[in-house]
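What follows is a set of notes on a single structure, which appears directly below.
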Amino acid sequence: MTDTATTPQTTDAPAFPSNRSCPYQLPDGYAQLRDTPGPLHRVTLYDGRQAWVVTKHEAARKLLGDPRLSSNRTDDNFPATSPRFEAVRESPQAFIGLDPPEHGTRRRMTISEFTVKRIKGMRPEVEEVVHGFLDEMLAAGPTADLVSQFALPVPSMVICRLLGVPYADHEFFQDASKRLVQSTDAQSALTARNDLAGYLDGLITQFQTEPGAGLVGALVADQLANGEIDREELISTAMLLLIAGHETTASMTSLSVITLLDHPEQYAALRADRSLVPGAVEELLRYLAIADIAGGRVATADIEVEGHLIRAGEGVIVVNSIANRDGTVYEDPDALDIHRSARHHLAFGFGVHQCLGQNLARLELEVILNALMDRVPTLRLAVPVEQLVLRPGTTIQGVNELPVTW
């Protein structure tokens with residue numbers, strides 16, 4: 001058993017997180033962690049502190065469902081992976097940073113808009129949005145930046161309609177969101193966060209006098225009006241949904257296109273048999289795992305995991321990109337296989353904090369892939385994969401630009 005109380009720092013704990021050198025493969029350091037025996041390993045964070053990372057699928061599922069691990073980002077022991085997390089500590093918490101029962105109370109206020117039935121009914125609207133932006137991109141072609149002309153605007157418009165946020169303001173909130181999630185220092189992140197908070201505060205004020213559509217309008221008219229939620233809580237909830245609702249799907253779209261184009265046999269099989277699309281989406285989610293630093297927790301009690309002791313107060317990070325490449329769960333885990341059953345991947349997390357918007361993300365990705373295969377059958381990258389500039393490991397994985405041609 002490893003006793004972290006007597007050995008709080010180890011000399012061989014690698015730096016975490018690491019940057020990808022390939023859009024769809026693990027960083028070398030992550031592969032080494034995965035291939036090292038045991039489900040838990042010590043890593044060193046940017047501030048010199050150490051934390052546990054969870055690298056095995058079974059242990060990851062168990063720990064993500066363990067109530068002794070807290071999601072409280074204001075805890076001094078929370079394993080921050082970047083200086084920007086200091087801005088999170090200084091801000092009102094969205095429900096992603098709350099523990100039960102407060103987490104459940106806040107989440108239930110929004111969940112009706114993300115049920116399977118509700119999202120299934122959005123398919124015609126999502127198809128309209130996807131094809132509308134494809135019309136514009138193709139008209140301006142035969143080259144494009146797939147991120148700015150398609151991958152980013154599609155989920156931005158979809159989440160705007162769902163929340164009731166005016167899409168006319170997309171340039172502002174896309175820029176502020178990007179600054180927040182990609183900031184390398186706390187002050188820049190806090191400034192971006194405050195910019196978004198100010199915008200949403202103004203929108204709430206508007207909805208109090210002129211009832212608004214969408215989820216935000218409903219929360220203003222109901223929960224805010226009757227005191228179930230206060231203004232700062234509403235702002236933080238709306239901010240979380242707005243950012244997560246467009247940043248993650250935009251990144252998944254871009255990386256999915258890169259990955260499929262770089263695996264032509266897999267892409268050809270998908271074009272030939274569209275019944276494979278839902279399964280291919282699950283495999284891409286497993287394979288790419290773009291939110292691979294989202295599983296940060298802090299232990300509130302001692303937890304023993306396969307001979308390792310996580311002490312109360314220690315940071316734990318479930319790295320879903322590594323757990324999704326567990327060879328005991330997935331055969332040949334570093335290979336893309338659109339025919340495999342990847343449904344039990346951890347790209348959306350697990351337990352009470354499992355991604356609220358996962359049904360919407362799946363729908364958007366299915367519609368996007370089908371539309372691209374139908375309407376841009378000759379789509380290809382305009383530069384070699386090796387020349388693409390990848391985001392660092394401290395943020396949502398992806399690219400900020402994706403030159404394509406057809």
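Glycine too: its Cβ is placed from the backbone N, Cα and C atoms.
In Swiss-Prot, the annotation region 'Disordered' applies to 1-24, one of the ranges 1-24, 25-48. Swiss-Prot names T81, R193, S236 as calciol ligands; from the candidate set I290, I293, I303, the record adds I293 to that same site. Take the heme site that Swiss-Prot assigns to H103, R107, H353, C355: the candidate from R49, R161, R297 listed for it is R297.
Pairwise Cα distances among T81, R193, S236, I293, which the record gives as the binders of calciol, peak at 21 Å. Every protein chain considered, the tally of other Cβ atoms within 10 Å of the Cβ of R193 (calciol binding site) stands at 24. Cβ environment of S236 (calciol binding site): S91, P92, Q93, A94, A197 lie under 8 Å away, each six or more residues apart in the same chain. Geometry remark: C355 (heme binding site) versus I293 (calciol binding site), CA distance 14 Å.
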